[in-house]
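Q: Take a look at this one; I'll ask things after.
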Amino acid sequence: MVSIRPDEISSIIRQQIEQYEQSINVDNVGTVLQVGDGIARVYGLDKVMASELVEFEDGTVGIALNLEEDNVGVVLMGAGLGIEEGSTVRATGKIASVPVGEAVIGRVVDALMRPIDGKGEIHATATRLLESPAPGIVQRKSVCEPLQTGITAIDAMIPIGRGQRELIIGDRQTGKTAVAIDTILNQKGQDVICVYVAIGQKASSVAQVVNVLRERGALDYTIVVAANASDPAALQYLAPYTGASIAEYFMYQGKHTLVIYDDLSKQAQAYRQMSLLLRRPPGREAYPGDVFYLHSRLLERAAKLNDALGGGSMTALPIVETQAGDVSAYIPTNVISITDGQIFLSSDLFNAGLRPAINAGISVSRVGSAAQIKAMKQVAGKLKLELAQFDELQAFAQFASDLDKATQNQLARGQRLREILKQPQYSPIPVEYQVATIYAGTNGYLDDIPVEAVAKFVAGLRDYLATSKPQYGEAVRSSQKLDETAEALLKEAIAEYKAGFTA
């Protein structure tokens, strides 16, 4: 008979007690009271945080936006067709965050960073909260480096610096997106990572933009975030913050980034829709009271960081659509007051054939001139003045029949200066050649060339400089000034090219 040894049994029991681990999973759950129009009212979820992600039984994710006494208002980030009254909701304990890293470059994603380009999963190295505090005053440095758009009218008269926020505003179909895409194309080889955020646009329009970027090799340094018109309002509301988070990740690594929000009017409309469905009180134009904060907290994240933080930058180009040129509407005035200047595109100029249709009179850049290169400063001052005088004289000349010779000369010069600012889409011009064409225009070298031949002349002059006088481009690029050597080369090139030019 086997003898039972109590000490052995007690040691085995003691061992098992020591190894026993009781784990209790406590889930914060609630019940759906009502669902519809992309909003769910949930009872329970006692300890839910503002903007916390919640998960429904069918896998749909939502954000808890309204925390009320007896229920929680949740915005759905999906169709939510499987959600019904009485179904269970689970709080995740997480605030919305997105995967970021080098792997996202060249991809097309939705507002939650899910790939929509058919190229498989994104293997990101880090995550970043959608809503991050903007850098403080001490962490910033004043804007001091130029961000060249490749558009002569902007780089000369409304210069943009790295870390600036410059609004692009205008009616529909005035070329706002074209200006933004040209700016992305011009960043090739400039070591700038671009993020294009498409909000509430047709999927076909976004596909067109992606194709242009791919064809011109710009997708190698660009990320496209798309919340299409068919997507839920919650995704259209979140998309700009996703774009800002991606750019912020690179900015804090000491890199330069450019973010385009196309456009914030549609984001404000999506937010208005959500707010009204959540029964928040409407204000002016039925927008909620915090619509200013919606845009200010987004745009304040754009910054030029100080050297201690790596000197990275995030430049924001928000786009806002106006109705019949009314810049005094609610959203346009809000965004104008938040940004560091605006580029106003006019439908009248667009229809008159002046493209890009930039109205230089009411467009301003409040901090960009500090970032403009010296060569451009040398020629742009005269251009601004002569164009302003031309606009004034043109209005006056409509009523006067006989004009003196000086006035006629000034009008003729103004017409030629307008011609050099015209530029086809998707053809950004390097800054040294912009300087050359403005120099030729403001110093009278185009005065004897017919107005209709000016575009052909300046395009030919740029090619001639690139092929026959490459040392001019090198001199301006290296010194960033139009010094005596560069000016002599330029004068020589203009004279040589003009001698062989036929209109």
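We number each residue from 1, going along the chain as drawn.
Backbone N, Cα and C atoms are what each Cβ position is placed from, and that goes for glycine too.
Per Swiss-Prot, the feature ATP binding site maps to ASP171, ARG172, GLN173, THR174, GLY175, LYS176, THR177, ALA178. According to Swiss-Prot, the site 'Required for activity' annotation covers VAL364, on the basis of sequence analysis.
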Q: In whole Å, note down how far the CA of VAL364 (site 'Required for activity') lies from the CA of THR177 (ATP binding site).
A: 19
Q: How big is the Cα-to-Cα gap, in Å, between LYS176 (ATP binding site) and VAL364 (site 'Required for activity')?
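A: One finds 16 Å between the Cα atoms of these residues.
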Q: Looking at Cβ-Cβ distances, which residues of the chain lie under 8 angstroms from VAL364 (site 'Required for activity') while being 6 or more apart from it?
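A: The answer is ILE158, GLY341, GLN342.
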Q: If you count the C-beta atoms lying within 10 Å of each candidate's C-beta, which of the binding-site residues GLN173, THR174, GLY175, THR177, ALA178 ends up with the smallest number?
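A: Least crowded of the binding-site residues GLN173, THR174, GLY175, THR177, ALA178, by Cβ count within 10 Å, is GLN173.
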Q: Which chain neighbours of the ATP site, leaving out ASP171, ARG172, GLN173, THR174, GLY175, LYS176, THR177, ALA178, have a Cβ atom within 8 Å of the mean position of the site's Cβ atoms?
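A: What remains near the Cβ centre is GLY170, LEU345, PHE350.
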Q: Around the Cβ of ARG172 (ATP binding site), how many other Cβ atoms lie within 10 Å? Please give the count over every shown protein chain.
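A: Other Cβ atoms found within 10 Å: 11.
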Q: Can you count the other CB atoms that lie within 10 A of the CB of LYS176 (ATP binding site)?
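A: Its Cβ shell of radius 10 Å holds 25 other Cβ atoms.
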Q: How many neighbouring Cβ atoms, not counting its own, are there within 10 Å of the Cβ of ASP171 (ATP binding site)?
A: 18
